Amino acid sequence: MAAPPKPEEISHPPMDQLQGLEYCIDSNPSWGEAIALGFQHYILALGTAVMIPSFLVPLMGGTDDDKVRVVQTLLFVGGINTLLQTLFGTRLPTVIGGSWAFMVPIISIIHDSSLQRIPDPHVRFLNTMRAIQGALIVASSVQIILGYSQLWAICSRFFSPLGMVPVISLVGFGLFDRGFPVVGRCVEIGIPMFILFVAFSQYLKHFQTKQIPVLERFALLISVTVIWAYAHLLTASGAYKHHPELTQRNCRTDKANLISSAPWIKIPYPLQWGAPTFDAGHAFGMMAAVLVSLIESTGAYKAASRLASATPPPAHVLSRGIGWQGIGILLDGMFGTATGSTVSVENIGLLGSTRVGSRRVIQISAGFMIFFSILGKFGALFASIPFTIFAAVYCVMFGLVASVGLSFLQFTNMNSMRNLFITGVSLFLGLSIPEYFREYTAAALHGPAHTKAGWFNDLLNTIFLSSPTVALMVAVFLDNTLDYKDSAIDRGMPWWAKFRTFKGDSRNEEFYTLPFNLNRFFPPS
């Protein structure tokens, strides 16, 4: 009779760093491979960079030419922000891109009666853009102050592994309406894309050429190329000739009107739309979005550290990253990207699916973002990939980031009723409250907060539309008020403690020290 299994054969001990990655944060693939991987991250970042201006610019009264310029500016500033964040910020391999969190205040600026009264659409576009820029410039101070003053580091004392699980998970799960609902708009492209991507990245990952698992590493590039060509074939053969306008827009490869509108070479520059205008109400509404972006990024950085096989970022490193992100939003406001920036969740997922968490790869992708935003026509070619293709990949990427959040449960005691209560309630409310706000807004065309004070409405509607923000409020409140004195071990605090300070763990130095010997001037706390 076989001996009964030993306890260590059944259970899985918790691990500080995620195992099974080919390259961690500071180990680099060969240059050729790194450049190809960087290009892959650039292609993935294009999804959001094109979707946000495609949605906003027509509402602002802009033309296709304006849309292309905003896409280029968003990519250009995204590239600069990514470089700043990977060099001087948290130094984690995170791409910084446009954020959906800013939609509520931006749309309320677009619908401002003083702007709506302008008869000429182009003048209205420029004036709206300047109003958005002014609001972003003022609001960016929230992250700059909270980050550089180390106030956010002090706040993060109240975060435990248990409290962070719902936040990180909902950074991924909270974006569920960007996944299959968009795939469903053009099923004949979306579903084959999803199947191909999963097949290449998971089932065929052992297929190797010259010791490189090509299909796993470049699953995104290969499947996008195949499906894009297939979508082009469908378009050219007239498969969508008699279909409704919405289907055509989601399925056809020639509906983006980007390539024809794009200039050959154009360098975005600050104040290119004119001098920003400032309005207190707009700025207050935007501050709520900056706060939401700060919370979503905190969750995203913790997920990125895990998928880069690093230790969780110490409090002051996280705070430093938030400070740089504030500078990023200031740059968004200066250049006029039409939205603020935050960590790109899909690119964190790609770290996991390629199993390459190298910082250099992300810096190369930032180079691609800057390069192709200046060379307009080439950038526009890649930017005309149908959104459905991106949405199919998001189904995998957002799910991966969410599961990284769930993996923090290994440091907590999930046999404790208290922990089950906190995790369940905060996950559920984090999905349920924003869904209520979304449904209400879709039906009534304004959010549940609908008072005379526009800035107050924007503040509430922005905060409660963000899943990670709701989850953070619920989880951190419950975690720090429900018999917290006796439950430090259950919450995972002893494990977290050594990563709180820079000196707490020797690996922190390896992962988070500033380049060019800058730590002499900014000694870690």
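A Cβ is built for glycine as well, from the same backbone N, Cα and C atoms used for every other residue.
As the structure is a computational prediction, the values presented were derived from the model and not from experiment.
Residue ranges 70-88, 279-297 are listed, and TrEMBL annotates 70-88 among them as transmembrane segment. Within the chain, the transmembrane segment (94-110) has long-range Cβ neighbours (under 8 A, six or more residues past its boundaries) at 41, 45, 48-49, 52, 56, 59-60, 74, 78, 81-82, 85-86, 128, 131-132, 135-136, 178, 282, 285-286, 288-289, 292-293, 296, 300-301, 304, 325, 328, 337-344, 347-348, 362, 365-366, 447, 454, 457-458, 461-462, 465-466. The transmembrane segment (218-240) is in contact with the transmembrane segment (39-58), judged by 3+ CB-CB distances under 8 Å for residue pairs 6 or more apart in sequence. Contact between the transmembrane segment (459-478) and the transmembrane segment (39-58) does not hold: fewer than three of their C-beta pairs are under 8 Å, each pair 6 or more apart in sequence. Most Cβ pairs under 8 A with the transmembrane segment (361-383) among the ranges 39-58, 70-88, 158-176, 389-408 are made by 70-88. Here the transmembrane segment (39-58) does not touch the transmembrane segment (158-176). Their Cβ atoms form fewer than 3 pairs under 8 Å, with each pair 6 or more residues apart.
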